[in-house]
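Below is one structure, written out as structure tokens; comments come after it.
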Amino acid sequence: RRKGSSKREPRSLLEKLRWVTLGYHYNWDTKKYSANHHTPFPSDLAFLSEQVAAACGFRGFQAQAGILNYYHFDSSLGIHVDESELDHSRPLLSFSFGQSSIFLLGGLKREEAPTAMFMHSGDIMVMSGFSRLLHHAVPRVLPNPEGTALPSCLDQALSSDLPVGSVIEHSSDEDWQVCAKYLQSSRINMTIRQVLAEGQKFPEESGTNGKGQAPSEDSHHQENSRAKRRKPNTD
């Protein structure tokens with residue numbers, strides 16, 4: 001444990017992992033996306049996101065950027081607004097796996113009192129319309145309410161005959177044991193965004209300012225700390 005702290009030092013690189021960006025890679029320093037910082041978006045996650053968006057009435061949604069946040073029981077996410085995307089008419093999709101969390105959904109102004117709700121493994125949140133630019137935060141991660149190491153939705157055997165084109169695929173027992181052990185004390189949240197409207201391009205300055213954040217290990221977030229923006233795992 002850290003001297004003078006109740007927090008335990010990570011014992012592996014996996015435990016140190018805090019965030020991963022996909023597609024248009026979010027720049028934590030400038031709070032922007034850019035055309036020249038991009039890799040192909042994973043096709044399976046894009047397909048899943050497009051199907052969920054279509055079911056909610058957002059046909060033609062394009063999964064162009066993603067931020068995967070990795071939480072532990074001592075992690076938190078400070079209050080912020082996801083506004084760096086150039087097209088706010090498209091929804092923000094949030095997928096949660098593993099342990100549970102408390103999610104605070106606030107208002108258009110930072111000082112507005114938030115509504116608290118639980119986010120459990122398998123939950124999907126869609127922020128669209130008025131809620132697309134609301135402040136939100138994750139102040140605490142909690143054990144899943146079933147009281148088991150893994151939620152039952154992650155502890156079920158997969159069908160032996162998955163449909164063609166399924167976003168689910170079988171993994172080796174060795175790989176799944178690594179994942180299962182990790183999720184026993186962790187939460188993974190994936191937020192998927194459409195950055196550009198159909199036919200839209202990045203301006204010369206590569207975007208607009210935003211306040212997207214990576215999860216921190218402390219309950220307090222200092223938005224203006226450049227060092228902490230560069231190293232979200234020590235936020």
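Glycine too: its Cβ is placed from the backbone N, Cα and C atoms.
In terms of DSSP secondary structure, the domain 'Fe2OG dioxygenase' (59-196) contains 19 helix, 50 strand, 69 coil. Residues or ranges marked as domain 'Fe2OG dioxygenase' in TrEMBL: 59-196.
Under the heading Fe cation binding site, TrEMBL lists His80, Asp82, His136.
Sequence annotations record features per position, and here TrEMBL assigns region 'Disordered' to 199-235.
Annotation source TrEMBL lists compositional bias 'Basic and acidic residues' at 217-235.
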Neighbour tally for Asp82 (Fe cation binding site), based on other Cβ positions within 10 Å of its Cβ: 22
Chain-internal residues, separated by at least six, CB under 8 A from His136 (Fe cation binding site): Ile79, His80, Val81, Phe103, Leu104, Leu105, Gly106, Pro114, Met127
Mean of pLDDT values spanning the domain 'Fe2OG dioxygenase' (59-196): 93
His80 (Fe cation binding site) CB neighbourhood, other CB atoms within 10 A: 18
